Amino acid sequence: MDGNRSFSSDFTLVGLFPNTRVSGLLFAVISIIFFVAMTANGVMIFLIHVDPQLHTPMYFLLSHLSLIDILYISTTVPKTLVDYLRGQRTISFVACTAQYFLYMGFVGAEFFLLGLMAYDRYVAICSPLRYPVLMSRHVCWLILGSSWSGGALDSFLLTPITMRLPFCASHKINHFFCEAPTMLRLACGDKAAYETVMYVCCVMMLLVPFSVVVASYAQILLTVQQMRSAEGKRKAFATCSSHMMVVTLFYGAALYTYMLPQAYHTPLKDKVFSAFYTILTPLLNPLIYSLRNRDVMGALRRVRARRRGACAVVKGEL
């Protein structure tokens, strides 16, 4: 009966906004972050699609990174903002399950994609002459397929196990969305199967991609140190620095959330770290890759110039 009741009961999300004077300010800040993140990632996808000079493997992968950012920030933030406006913080069991499933899939896909993007940088710097062969269109699609498959596997493994646990304790989720560690704290009964699968998934989803990143950049650093040209070293570091910033921000917060033992977690820390890599990272990704990248800024200027030229032609005809 307890198990059946957990399927029919709603959960209550505490949310990000405390009942204080700053709740309105937090709502405004997160609304702006969400809007800017959606716009910036959309612009990145548009520029990479329309500008021929960005039709390279790196930007092809980057456009899909922006797509994943749009998808997974959309699984959590809109619900949080709408709940604040409506003054209602309940979420049904079905909606919580769907949010959990989508979120784990999108975040898992990003973990794998960021790791495999390090391989792209490794090939570009360590084997530039073989880059067109090692990073062919077929390899790019294979990287994307592997990333999405890894995320989907993560969702299909963890969601049934997590949501079938009996939630016989409080149904009050001290978080702003249905995240794995928080849901585990609400569950009772035997959690051994869940913890085993979670450990395997975390090793596969976090440590394996992170190991690929570490190995790739260790080889890159060795190659860069052997370069005689100062200009070559500068370009190599400029090429990799943006990706390293994104990886450090994303993996750092995720490692705390999923790899640190539950004894070291608190509800406040969980919300802060989760907000960092679910809300801030989708905003920072396009800004880091665009503001620190001459190719993207150049593509933006070319698109604006073409648009001004087209407007001038139309005005001339009129």
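Placed from the backbone N, Cα and C atoms, the Cβ positions cover glycine too.
If you check TrEMBL, you get these features:
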- 25-47: transmembrane segment (TRANSMEM)
- 40-289: domain 'G-protein coupled receptors family 1 profile' (DOMAIN)
- 59-78: transmembrane segment (TRANSMEM)
- 98-119: transmembrane segment (TRANSMEM)
- 139-158: transmembrane segment (TRANSMEM)
- 197-224: transmembrane segment (TRANSMEM)
- 236-260: transmembrane segment (TRANSMEM)
- 272-291: transmembrane segment (TRANSMEM)
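When each of 25-47, 59-78, 98-119, 139-158 is checked for Cβ pairs under 8 Å to the transmembrane segment (272-291), 25-47 comes out on top. Fewer than three CB pairs closer than 8 A are found between the transmembrane segment (139-158) and the transmembrane segment (25-47), and contact between the two stretches is not assigned (pairs 6 or more residues apart). Sequence-distant contacts of the transmembrane segment (59-78) (same chain, at least 6 residues past either end, Cβ-Cβ under 8 Å): 30, 34, 37-38, 41-42, 44-45, 48-49, 99, 102-103, 106-107, 109-110, 113-114, 116-117, 120, 140, 143-144, 147, 176-177, 278-279, 281-282, 285-286, 289, 295.
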